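Remarks on the structure that follows.
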Amino acid sequence: MLRGIAALLFFQLLGESLVFLTKLPVPGPVVGLVLLFAALQLARGRGRDSAPAIEAAAGALLGNLGLFFVPAGVGVVALWGVVQSEGAAIAIVLVISAVLTLAVTVWTFLAVRRLLGRKAGEA
Amino acid sequence: MRSPVDLWVYLSTSPLIWLTLTLCTWIGASEISRRLDRNPLANPVLTSILFLSLVMTIFDIPYERFFEGAQFVHFLLGPATVAIAVPLFRQWARVKRLLLPIAAALMVGSLMAVLSVVALGSLLGLSDEVMISFLPKSATAGVAMAISASLGGNPSLTAVLVILTGIIGALIVTPFMNLMQIRDYAARGFAVGLTSHGIGTARAYEVDETAGLFAGIAMALNAVATAAVVPIAAAWLIR
């Protein structure tokens with residue numbers, strides 16, 4: 001567990017450092033995610049599965065993912081004025097954007113899958 | 001002997017009480033959600049935020065003081081984001097088999113999640129600060145908040161918009177997909193994970209195992225895609 005946490009923090013540190021040095025407009029933890037994924041693949045390429053060492057820590061964190069956004073969420077009390085004055089517009093954008101995103105994502109996925117399926121059928 | 005009032009004054013200024021309260025609130029909220037069969041309206045993130053906000057308001061606690069305790073929980077957003085690499089690594093074989101549908105849906109979906117906010121937000125006259133905070137709302141909270149902060153948005157507002165997007169997606173996905181007569185659970189799961197990150201993924205797992213798996217994949221991929229798309233959209237907006 002402790003090793004897993006240390007590994008996750010280490011890759012976050014790598015990510016943050018890389019972002020700081022290169023001024024990439026991407027959050028450090030995302031770069032850390034990509035680096036950890038690459039490291040796991042690399043280790044597998046050499047015949048080693050390093051995931052179990054991190055799995056317990058990763059599972060504990062991902063199983064309680066929601067908890068970690070509570071502190072920031074409480075901060076919305078401090079910006080109640082903004083939310084109130086633009087509340088109706090915010091609600092409309094939230095709902096329409098969610099419907100549009102769901103729709104185009106599922107249609108694109110299905111269209112490409114069908115296209116590939118047909119080709120595979122012909123071959 | 002000191003009075004209980006002195007004790008309250010002493011405790012309310014220390015981080016310990018707010019950290020403890022945050023954790024206990026989360027445990028209670030998760031239990032309520034479990035007992036209500038994970039009804040999206042009883043989402044533990046939403047109920048925790050509402051309850052803690054109520055406590056802060058009633059006892060007139062400044063947010064900064066609450067955050068002194070809660071920051072230890074907040075800090076874990078970073079490693080939790082990195083941890084997404086593990087399920088992605090585990091499921092990579094399935095991802096590779098459907099690489100083209102996944103790549104195409106990811107590209108179209110992450111663009112729609114951001115551009116629909118730009119279009120609708122301009123139409124409805126959202127302020128710049130709200131708009132920037134709004135853009136990354138389909139990414140998982142840690143990523144969305146980091147993007148928002150780096151572009152001059154308000155991470156707290158982003159957190160709330162992320163959570164609301166999660167709940168809305170989780171509520172509408174099943175009736176919407178049934179209405180559209182879509183029975184491909186990989187596609188359904190991918191769409192809700194991309195749109196509604198962790199909250200959508202939790203919902204997908206309740207409906208179907210395959211849907212849950214693809215929702216998790218979509219959440220991980222869209223965290224990366226959103227981090228790439230939003231800075232471009234924001235630069236264009238602020239221009």
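The backbone N, Cα and C atoms fix where each Cβ goes, and this holds for glycine too.
The transmembrane segment annotation in TrEMBL covers B:7-29, B:41-59, B:71-89, B:98-124, B:144-173, B:211-238.
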Q. For the transmembrane segment (B:144-173), which partner among B:7-29, B:41-59, B:71-89, B:98-124, B:211-238 gives the most CB pairs under 8 Å?
A. B:41-59
Q | Range from B:41-59, B:98-124, B:211-238 with most C-beta pairs under 8 A to the transmembrane segment (B:71-89) | A | B:211-238
